[in-house]
């Protein structure tokens with residue numbers, strides 16, 4: 001059904017007296033459902049970690065919510081499994097034929113912190129831990145990690161490419177806490193993004209070459225399944 005819509009759009013010709021009321025592109029950014037490592041307070045980065053039972057219920061809840069809203073023309077996802085599994089549930093409910101993987105939407109590589117518990121990061125990898133929370137945005141995390149600027153650049157570039165392809169349309173993008181934080185801070189230039197909660201809905205608009213935050217960290221759809229209160233917070237040491 002989705003492919004038929006695309007073919008029809010290609011064949012459609014605007015008459016001169018038809019005006020496009022809005023050229024707003026709406027991107028619904030979703031953080032993946034809770035994982036076993038989220039629940040344990042373990043640092044994932046780009047290491048794979050499966051959705052746990054709560055995370056699967058969260059994915060179902062968010063899919064049901066988005067399935068009742070305006071139908072998206074496409075669903076995009078990070079290529080990490082926790083995001084893809086969440087995206088697949090959403091795509092099915094929203095009648096999208098596929099999930100389009102975008103590697104640049106994956107979580108930040110946090111170097112030698114990956115695999116550690118947050119509570120032991122400062123002691124076991126002090127340099128990497130300090131670099132992660134540093135206000136020096138071009139500082140790469142020891143152990144092969146990215147700088148915050150590198151994360152921002154690839155995250156926003158991915159978002160720009162999606163918006164360019166879907167001008168005036170609505171799409172869903174499933175990604176990670178670090179990526180969401182990068183997008184929020186790059187758009188708003190704020191000092192903090194606050195907590196980025198699992199399976200939250202975060203809506204951004206693109207219009208006239210400008211990004212606008214429409215809503216952020218909405219978890220109203222999770223009232224029956226619950227969520228981790230601590231969320232992802234790269235602005236404050238755990």
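Any Cβ shown, glycine's included, is placed from N, Cα and C.
Keep in mind that TrEMBL annotations are predicted by a computer and have not been checked by a curator.
From a predicted model like this one, the values you see are computed outputs, not experimental measurements.
Per TrEMBL, the features are as follows:
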ACT_SITE  32  active site, tele-phosphohistidine intermediate
ACT_SITE  107  active site, proton donor/acceptor
BINDING   31, 32, 33, 34, 35, 36, 37, 38, 82  substrate binding site
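Mapped onto this structure are the features recorded in TrEMBL.
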| residue | record | Cβ neighbours (10 Å) |
| --- | --- | --- |
| 31 | substrate binding site | 28 |
| 32 | active site, tele-phosphohistidine intermediate | 30 |
| 33 | substrate binding site | 31 |
| 35 | substrate binding site | 22 |
| 37 | substrate binding site | 19 |
| 82 | substrate binding site | 29 |
| 107 | active site, proton donor/acceptor | 23 |
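Close to the recorded substrate site, the chain also has 39, 44, 49, 50, 51, 52, 55, 198: residues not among 31, 32, 33, 34, 35, 36, 37, 38, 82 whose Cβ is within 8 Å of the site's Cβ mean position. Between residue 35 (substrate binding site) and residue 107 (active site, proton donor/acceptor), the C-alpha separation comes to 14 Å.
Across the structure, residue 32 (active site, tele-phosphohistidine intermediate) and residue 107 (active site, proton donor/acceptor) are spaced 11 Å apart at their Cα atoms. The separation of the residue listed as 'active site, proton donor/acceptor' from residue 82 (substrate binding site), Cα to Cα, is 11 Å. Max Cα-Cα distance over the annotated substrate binders (31, 32, 33, 34, 35, 36, 37, 38, 82) is 15 Å. Between the CA atoms of residue 31 (substrate binding site) and residue 107 (active site, proton donor/acceptor) there is a gap of 11 Å.
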